[in-house]
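The feature ATP binding site is assigned by Swiss-Prot to G48, V49, T50, G51, S52, G53, K54, T55, with sequence analysis given as support. The domain 'Helicase ATP-binding' annotation in Swiss-Prot covers 35-192. Annotation comment: Swiss-Prot describes 439-605 as domain 'Helicase C-terminal'. Annotated domain 'UVR' per Swiss-Prot: 633-668, in sequence order, evidence recorded as sequence analysis. According to Swiss-Prot, the motif 'Beta-hairpin' annotation covers 101-124.
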Amino acid sequence: MTAPGFVDFPDSPFHLYQPYPPAGDQPAAIEGLAQGMRDGLMYQTLLGVTGSGKTYTMANIIARLGRPALVLAPNKTLAAQLYAEMREFFPKNAVEYFVSYYDYYQPEAYVPTRDLFIEKDSSINEHIEQMRLSATKSLLERRDTVIVGTVSCIYGIGNPGDYHAMVLILRAGDRISRREVLARLVAMQYTRNDADFARGTFRVRGETLDIFPAESPELALRLTLFDDEIESLELFDPLTGRVRQKVPRFTVYPGSHYVTPRDTVLRAIETIKEELRDRLKLLTAEGKLVEAQRLEQRTRFDLEMLQELGFCKGIENYSRHLSGAAPGEPPPTLIDYLPADALMFIDESHVTMGQLGGMYRGDRARKETLVQYGFRLPSALDNRPLRLEEFEARMRQCVFVSATPAAYEQEHSDNVVEQVVRPTGLVDPQVEVRPARTQVDDLLGEIKLRVAAQERVLVTTLTKRMAEDLTDFLAEHGVRVRYLHSDIDTVERVEIIRDLRLGTFDVLVGINLLREGLDIPEVSLVAILDADKEGFLRSERSLIQTIGRAARNLNGHAILYADAITASMRRAMDETERRRTKQLAFNAEHGITARGVNKAVRELIDGIVAPARHDTLESAIAPEVLADEKSVAREIRRLEKLMTDHARNLEFEQAAAARDALNALKQRVLLDGAA
């Protein structure tokens, strides 16, 4: 086996880190899909089984073709997993993350039956907002960019032309007045704050301007002026103030995707007034006087805000006026920032394509009510996600990636490439059917065998009630078990899966949450209860996906508890057996001995997963922190800043954790002093 190292390809800006050379079906899949791209094929499908290294195949195709890429995943958890893997394969290139930046989002809505208007309410995750801004910056600046995203990318963001026009380019030696720089920064939605220097703010001290770029995770820019000339540009650490490097040139990107030049705002105000006049005439003619008064009051307030500040709350509802688009035209989205020759990969496409098709209809139904009852102008209907046909019109050359392609991929694909043989030699799990009458007792016996071998178990049920009852039953019998359900937020889900891998507990019970892409090599048994209840949770695709969760383990085994074999079960078992036969034949022909996957448990996204818990907070204090008084004082200041930052972002659990760590450190210092 070749040693791990970086691989470069001709005319490609990517430096691919290869921990191992492609193996199994990977070389043929990489060559087949890359050749299809070169031949101009629009749609291709990678039919890759669980654990066959589909992400590695995607990375190899991107590196060989040397074109920017967008990789879409069906949810934030899988996007985070893909992002972490892509960063490992391309550590020297721009790998970016573009998902919804809302931790919590309540869209504005009106319920006519109760005359209830619900105001828009949301909580934005600052870390993800910074990553979104970084993603568009990379697309505009460099070719070696891989964006990992979710369906969030079909929702409207600012027009690429306006966004690019607002960029501020600073060069050492250029002539520009301090007043002009400040005016440009305010127009780019940066705020002046001399006390609290955070992302998207700037501060002024005499002839020195400090700017904290909105897309920068850790470095800020210091601009020193001499009269009206830029004397120097320096990147520095905002916490310590230490200068990291001098730069001859720096580009400051807008503080938001929704920035708009002043003349565009003034033009939009006139067209909004025009639309308001027409709409008020119509509502009055129909005798809807309450709706007319409501619409006029709300819109006039927004117009005043736009006139004075250049933006208003809910500015996205006027996006059609701001972009100058015609009624019914699709909004600008992340797809518009992609170069024409970009590549697209749609991971778990059997789920993601359905999502892309469904987003528009739900959004439209809610907004039509708001327009009908005078809460919004009709142009608000054009602030929407793309329809499926609009997304298709904007698609670049695309590879659908799935172990179970749906009808859409089968109809559209010009080329289907199978990736069934795994590089590790692992084969699909053995599938066994057992009677459902005694499923719970039988499962308990199987769990005890797996726990004794230090292996993990996934159990999938049909209903929430059954999942809860089963969790209680297993816990009463001494099994370390957790229950994963839809009420658990993204971050906690990632933590639960990590704890399962680390052995904090042994059995995870869920309903529809243990399927696509979950990468848990420690799981050796997947138990599917009531497998004969035909429906979307027990369809052929669902069963194949769930069985696949045990395919990363050497002793992988799947048990279907059923009293009859349904058509879906039969097809799923036949497909698993077909793949298993092909894998065993390949191993025998090449003399391969299957080996288990030893994958390090890592954090998916820096700063998103909470730190590891300790039995006592005192035990969590690193010895070097207590080395001397300076170190202790530095750590206390760090924790205090962390606590206030979290509290400001309404991240109260993290703020409480920082407070507890701070109290524990102070307690430890007091005890040591007393001793």
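Glycine is no exception: its Cβ is also placed from the backbone N, Cα and C atoms.
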Would you identify the secondary structure of T55 (ATP binding site) according to DSSP, in three states?
helix
Site of maximum Cβ density within 10 Å, from binding-site residues T50, S52, T55:
S52
Quick check: with G48, V49, T50, G51, S52, G53, K54, T55 left out, which same-chain residues have Cβ atoms within 8 Å of the centroid of the ATP site Cβ atoms?
T57, A403, Q419, R422
Which numbers of helix, strand and coil residues does DSSP report for the domain 'UVR' (633-668)?
33 helix, 0 strand, 3 coil
G53 (ATP binding site): tally of other CB atoms within 10 A of its CB:
23
What does DSSP give as the helix, strand and coil breakdown of the motif 'Beta-hairpin' (101-124)?
3 helix, 15 strand, 6 coil
In the three-state scheme derived from DSSP, which category covers V49 (ATP binding site)?
coil
